[in-house]
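Trainee: What follows is a single structure, and I will ask about it in a moment.
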Amino acid sequence: MARPKNVKYVFVTGGVVSSLGKGILSASLGMLLKSRGLRVAIQKYDPYINVDPGTMSPYQHGEVYVTDDGAETDLDLGHYERFLNESTSQASNLTMGRVYKSVIDKERRGAYLGGTVQVVPHVIDEIKDRLAELAKNGNYDVIITEIGGTIGDIESLPFLEAMRQMKLDMGDRNLLNIHLTFVPYIRAASELKTKPTQHSVKMLLETGIQPDILVCRSEKPLSSEIKRKVGHFCNVNNLDVIGLNDCDTIYEVPLTLLQEQLDLRVLKKLGLKKFKEPDLVYWREFCNKVKHPTSGEVTIVVCGKYTEYPDAYKSILEAFIHAGASNDVKVHVRLIGAEAAENEAYDFARELEGVHGILVAPGFGDRGIEGKVAFIRYAREQGIPFFGICLGMQCASVEFARNVCNLAEANSTEFNKRARYPVIDLMEQQKKVKEKGGTMRLGSYPCIIKEGTKANEVYGKFLINERHRHRFEFNNAYRETFEEHGMVFSGTSPNGELVEIIEIKDHPWFVAVQFHPELKSRVQAVHPLFHGFVGAAKSYAAVGHQPELAAIEPHFMPEPTAEAYAAYSEESSAESKSFFPDNGGHDEERDSGQ
């Protein structure tokens, strides 16, 4: 493995239990190093055999995070983007399935010259080569790699072996391991217990890896005595035992780690001396707004299909935190399963009392669709601010067709292939697609916004780029009928063929989009649609009439370049060729609970 000069590597592992927050830790460290002037790349290694999480159920994996270049990735990449305010890519997520697939493909091509293909060296070398490629293709000072899973899992062993070999080759000054562990608080004894951490480090040592820094998650702050004890039994300097007790919000984690001097310990161990003091004024102000808003609170319902597992809507929930801060309000989110509203006895007035906005979330498959349509109808008829995303836009189109355009049998061909009025239909270029994984319309595409619309008002521009993940689209055969009944098609593809945004003008806020705006909302760049929607809910809570949008800084959505616009404008009318040629996807099989 040829390593570019001067690139330093940080690997983040986890022990004791899963879900300790390795992604938040990695993102926080990346943000702190970036704030000191370093160029940081961050990536996630997942040990599962799936090529990507695109075909995995939301109940098992949570949200699938889509990047600009059309990669379907782990939700931790969302944390990376939100904390670092930088876009990730296909290179930012590597699964063991992708590694094995690459090795097997090479073997079939005869790349190993008749040799016996083994985990060592071939699989390990593939992992190391992927990391070297990332370093070579970017101008980075530090590359942070989060290894998914928990120490002791058999699936993670190849990644750990690759890290061990790299550290042996590069030396301690070029690669370090941060191990995240759990120090439980036993209430009966009023004590923090370090034994689980000791055993976790012992298991890591069995792989040949001595952790350089320990970050200890705990309910209570770690005393200096506890840190000395952990350091003594884990063969780590007590200065390298970092306490990370529970925070009120994940956005306080970087501030806690800064206070614990994690970034300084990393810089010292890697021999990085040229850096500046971090400027975290904006970050502190943001956390203060999240914890102590001064303009009241709003309650927003998220109607979805996977509401038992909030991680399925991770980016939506985080976008509401950003939009709450930008509107100086506390946003309370209530997750409601769409199937509940399919019961004729469902009392919307009682169940939605005190609700100031309704968001109908993305999803796949026909389960709960009629419930989503019912929620949309209630929001439209009662003048409650409404926001639909992806499937939410498609359901809004079905509802409008049935109850406003008098097309009672309107539906999407995803749910009824013989629908009398197929207002939502499979995209033309998808009709010959047979494979599920890696075949949807994925990644960033442009959208032209119509002047004088709500979309134009919140974006403050006419050309935007947004991320997509879908196969079905609005059927243009019904555009004229919809417009005659008051629907505004406020955003389309540059060639005008694909509907991207719809809205109703005589409504406080009724906006639905085919793309996924939640994937581009960040701490330092709140998404304008979420900002506008929460602003509408805030006004609805106060006076119940047409909202006045709160002011927002104009820097949050970078303008596409003229070259990008020209490239998109030259697409065919069917838009069959993606700007990113390696896009992929899948659909309804993820809804394992249909």
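The backbone N, Cα and C atoms fix where each Cβ goes, and this holds for glycine too.
As annotated by Swiss-Prot, region 'Amidoligase domain' applies to 1-272, with the evidence given as sequence analysis. The CTP binding site annotation in Swiss-Prot covers SER18, ASP153, ILE154, GLU155, LYS193, THR194, LYS195, PRO196, THR197, GLN198, LYS229, and the record cites sequence analysis as its basis. The annotation UTP binding site is assigned in Swiss-Prot to SER18, LYS193, THR194, LYS195, PRO196, THR197, GLN198, LYS229. Taken from Swiss-Prot, the feature ATP binding site applies to SER19, LEU20, GLY21, LYS22, GLY23, ILE24, ASP76, supported by sequence analysis. The L-glutamine binding site annotation in Swiss-Prot covers TYR59, GLY363, LEU391, GLY392, MET393, GLN394, GLU414, ARG471. Annotation source Swiss-Prot lists Mg(2+) binding site at ASP76, GLU146, citing sequence analysis. Marked as domain 'Glutamine amidotransferase type-1' by Swiss-Prot: 299-543. Look at Swiss-Prot and you will find CYS390 tagged as active site, nucleophile, backed by sequence analysis. Marked as active site by Swiss-Prot: HIS516, GLU518. Residues or ranges marked as compositional bias 'Low complexity' by Swiss-Prot: 562-571. Per Swiss-Prot, the feature region 'Disordered' maps to 562-594. Sequence annotations record features per position, and here Swiss-Prot assigns compositional bias 'Basic and acidic residues' to 584-594.
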Trainee: Once near-sequence residues are set aside, which residues in the chain of LYS193 (CTP binding site), 6 or more away, have Cβ atoms under 8 Å from its Cβ?
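Mentor: Expected: VAL183, PRO184, TYR185, ILE186.
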Trainee: Do you know offhand how many angstrom separate ASP76 (ATP binding site) and GLU146 (Mg(2+) binding site) by C-alpha?
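Mentor: Taking the Cα atoms only, ASP76 (ATP binding site) lies 9 Å from GLU146 (Mg(2+) binding site).
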Trainee: Quick one: among the recorded positions ASP76, GLU146, GLU414, GLU518, which has the most Cβ atoms sitting within 10 Å of its own Cβ?
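Mentor: For the recorded positions ASP76, GLU146, GLU414, GLU518, the Cβ with the most other Cβ atoms within 10 Å is GLU146.
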Trainee: Could you give the Cα-Cα distance between THR194 (UTP binding site) and ILE154 (CTP binding site), in whole Å?
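Mentor: Cα-Cα distance, THR194 (UTP binding site) to ILE154 (CTP binding site): 24 Å.
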Trainee: In the three-state scheme derived from DSSP, which category covers GLU146 (Mg(2+) binding site)?
Mentor: strand
Trainee: An 8 Å radius from the center of the SER19, LEU20, GLY21, LYS22, GLY23, ILE24, ASP76 Cβ atoms defines the neighbourhood of the ATP site; name the other residues of that chain inside it, in order.
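Mentor: Other same-chain residues near the ATP site: GLY14, LEU25, SER26, HIS79, GLU146, LEU180.
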Trainee: Quick one: of the binding-site residues TYR59, GLU146, GLN198, GLY363, GLN394, which has its CA closest to the CA of GLU518 (active site)?
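Mentor: So, spelling it out, the nearest of the binding-site residues is GLY363.
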Trainee: Need the DSSP three-state call for ARG471 (L-glutamine binding site) to compare against my parser.
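Mentor: Once the DSSP labels are grouped into three classes, ARG471 (L-glutamine binding site) ends up as coil.
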Trainee: Rank the recorded positions LEU20, ILE154, CYS390, LEU391, MET393 by how many other Cβ atoms lie within 10 Å of each Cβ and give me the one with the fewest.
Mentor: ILE154
Trainee: When DSSP is mapped onto helix/strand/coil, what comes out for LEU391 (L-glutamine binding site)?
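Mentor: For LEU391 (L-glutamine binding site) - judged by DSSP and reduced to three states - the answer is helix.
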Trainee: Let me know the model's mean pLDDT on the domain 'Glutamine amidotransferase type-1' (299-543).
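Mentor: Taking every residue in the domain 'Glutamine amidotransferase type-1' (299-543) and averaging pLDDT yields 94.
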